[in-house]
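*Asks:* The domain 'Acyltransferase 3' annotation in TrEMBL covers 6-320. The transmembrane segment annotation in TrEMBL covers 12-30, 50-76, 88-106, 112-132, 141-158, 201-219, 225-249, 269-290, 302-323.
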Amino acid sequence: MKERFEYIDSIKGFAIFLMVMGHVIAWNYTDYKTVCIYDFKQLPNIKLGGLVWQIIYSFHMPLFFMVSGFLSYKIYDWQNFFPFLKKKISRLFIPWLCTIWIVYVLRGAIGYWFLLCLFELSILGFLMMVVMERINRKRRLLFDIVFILMIYAIFRFSCVTTWKILGIDLGRFVGALIPFGMGVLLRKYKSLFHVFIEQSWFYTIAILSFFILFISRYFEDLGIIPLYCVKLGGYLLPLLGSLIVFYTFSHGIYMRMRSVLSYLGRHSLPIYILHIAFVIQLPQVGSFILQQNAITSVTIQILYATVLTIFSISLSLVVYKIIVMSSWLKRLFFGE
């Protein structure tokens, strides 16, 4: 069990590194939406400028939610609800309330949506797990899959996705329900874990499928790909990317980086909260990258973004160590 959670921490560390790197890439363009958000009419150099960002954003946040679902699974009873709720309020909701002003001051927007989203998903996940244990006592995988999809459909096609208070999007958790549910199922069913995480043949298929689905997004506007395939790919791409990462780290492929990534994973919350203050923004660098040829552009972007990501994460951890010297700030900001 200890080894399993070690590689889960490594996955969290990898995911938080990608998240910071994605912000570094985007914020070093004058207008990141014109570069990072794919448009068929973009010039080739602009498309390449957003390639790395698009790869990262195709799965890195779903990966977080899949890990969260994996770690959340437990056989609960209704009597556990209020202790569970109290814990999640302390760990997620209070830190969100106490830190959203950081993004507002630095970016002029209410941020840290992940904390609020994970809080909502945790509560919903608890209720779903209790119900699944009650009505699916024989533990049939197909039954749980259908149940999760039904819950998703109810929220997806209702007005929940439009709920807002003071400009805060309350329905964003709906989009994260599928990867979260996948994480729950991976932990609950050893047979599913065996096929998706332990079998090399599935790993190979997942990589090929991810590559094909990712590339196919560049041909959507040509009209040669049916709309239903495009929508299906939108669901499969983040799941495949997340499963590929699960397999990679569970098999120790990046063993040399495990200790570093595990450390980042154990401190993913403070990195998530604090990194925004330390991302260096130099739009001139972004403009320079866009002027290069294909190989040079991608190479420079990866190297530059990696260096700035390490810098931002390092400063975040230093500031975290200072903040946690105060027990009450430690509890309010990080739920510890």
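Placement of Cβ uses the backbone N, Cα and C atoms for every residue, glycine included.
All annotation found in TrEMBL is predicted automatically rather than curated by experts.
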*Asks:* Under an 8 Å Cβ to Cβ limit, what residues of the same chain, 6 or more beyond the ends of the transmembrane segment (50-76), are close to it?
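*Replies:* Distant Cβ neighbours of the transmembrane segment (50-76) are 8, 11-12, 15, 18-19, 21-22, 25-26, 32, 35-38, 42, 84, 114, 118, 121-122, 125-126, 129-130, 133, 176, 178-188, 214, 217, 237-243, 245-246, 298, 301-302, 305.
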*Asks:* I need to check the long-range neighbours of the transmembrane segment (112-132): which residues 6 or more away from its ends have a CB within less than 8 Å of a CB in the stretch?
*Replies:* 61, 64-65, 68-69, 72-78, 80-81, 84-85, 88-89, 92-93, 95-96, 99-100, 102-103, 144, 147-148, 151, 168-170, 172-173, 176-177, 180-181, 184, 272-273
*Asks:* Near the transmembrane segment (225-249), which residues from the same chain, at least 6 beyond its ends, have a CB less than 8 A from one of its CBs?
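*Replies:* Hits for the transmembrane segment (225-249): 7, 10-11, 14-15, 58-63, 66, 178-179, 182, 186, 196-198, 202-203, 206-207, 209-210, 213-214, 216-217, 219, 258, 261.
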*Asks:* Same chain only, please: residues at least 6 beyond the ends of the transmembrane segment (269-290) with a C-beta under 8 Å from a C-beta of the stretch. Say none if there are none.
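*Replies:* Residues packing against the transmembrane segment (269-290) from afar: 16, 19-20, 23-24, 27-30, 35, 45-46, 49, 95, 99, 102-103, 106-107, 111-112, 114-115, 297, 300-301, 304, 308, 311-313, 315-317, 319-320, 323, 333-335.
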*Asks:* Quick test of the contact rule: Cβ under 8 Å, at least six residues beyond the ends. What residues does that give for the transmembrane segment (88-106)?
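*Replies:* Distant Cβ neighbours of the transmembrane segment (88-106) are 112, 115-116, 118-119, 122-123, 269, 273-274, 276-277, 331-335.
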*Asks:* Quickly jot the same-chain residues contacting the transmembrane segment (12-30) by Cβ under 8 Å, restricted to those at least six beyond its ends, or write none.
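*Replies:* The answer is 36, 49, 52-53, 56-57, 60-61, 63-64, 67, 245, 249, 260-266, 268, 271-272, 275-276, 279-283, 285-287, 301, 304-306, 308-309, 312-313.
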